[in-house]
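Annotated in Swiss-Prot:
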- THR8, ALA9, ASN10, LYS11, GLY12, LYS13, SER71, PHE153, GLY154, TYR155, ASP156, LYS176, HIS181, ARG182: substrate binding site (BINDING)
- GLU41, ASP70: Mg(2+) binding site (BINDING)
- ASP70: active site, proton acceptor (ACT_SITE)
Amino acid sequence: MSKIIIATANKGKAKEFEKIFAKFNIEVATLADFPEIGEIEETGTTFAENAALKAETVASVLNQTVIADDSGLIVDALDGAPGVYSARYAGVAHDDAKNNEKLLKNLEGVEPDKRTARFHCTLAVATPSEKTSFYTGEVEGVIAEQLCGTNGFGYDPLFFLPEFGLTMAEIPAEKKNEISHRANAIKQLEKDLVEVVEKVTKK
């Protein structure tokens, strides 16, 4: 069976990709399967740079096609912050609670109609000796004034979806997987999936 590498150790992300490649009889492997690679430092200043950094680094080491993603929250009232620093907004510890606390503090006094935001995801598909391809997806919302919901992770409890009247942490996981920024980026990737599959199967 052919195998595609997803440059992540996140099991949730891996499952999303597994669903796509299963119909092509392609197995999904993650960085958890290659502990010798270790953590790749995200030194880019854009989502595309970080996604490419991860995908190209792993593709070079393993000499095969690799998919990586970089995603985050963009808040208009904060000039795009936390952006590429979303996971470490309150420090390097990737602490969801502290990140949410800092976000709420920085938005104190901001009117509801000025709290517009979006989740963004960029996927990078890297193959050795070939140009890296990029696919993006977003979902629009508003930052709530308090945490609501227990599903999801990260900023989900604060990301309010007006069309549903719920935060991302309140909607069912199945619905989130349909409308999320990552889901929308994957939909773009699916348009070129046959080409990606060919790169994997010819190895």
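Glycine residues also receive a Cβ, built from the backbone N, Cα and C atoms like all the rest.
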Long-range Cβ environment of GLY154 (substrate binding site), under 8 Å and at least 6 residues apart: LEU73, SER86, ALA87, ASP96, ASN99
Among the binding-site residues listed here, THR8, ASN10, SER71, which has the most company in the form of other Cβ atoms within 10 Å of its Cβ? SER71
Can you give the largest Cα to Cα distance in Å, as a whole number, for the residues THR8, ALA9, ASN10, LYS11, GLY12, LYS13, SER71, PHE153, GLY154, TYR155, ASP156, LYS176, HIS181, ARG182 that bind substrate in the record? 20
Give the number of CB atoms, excluding that of GLU41 (Mg(2+) binding site) itself, located within 10 Å of its CB. 10
Indicate whether ASN10 (substrate binding site) is helix, strand or coil by DSSP. coil
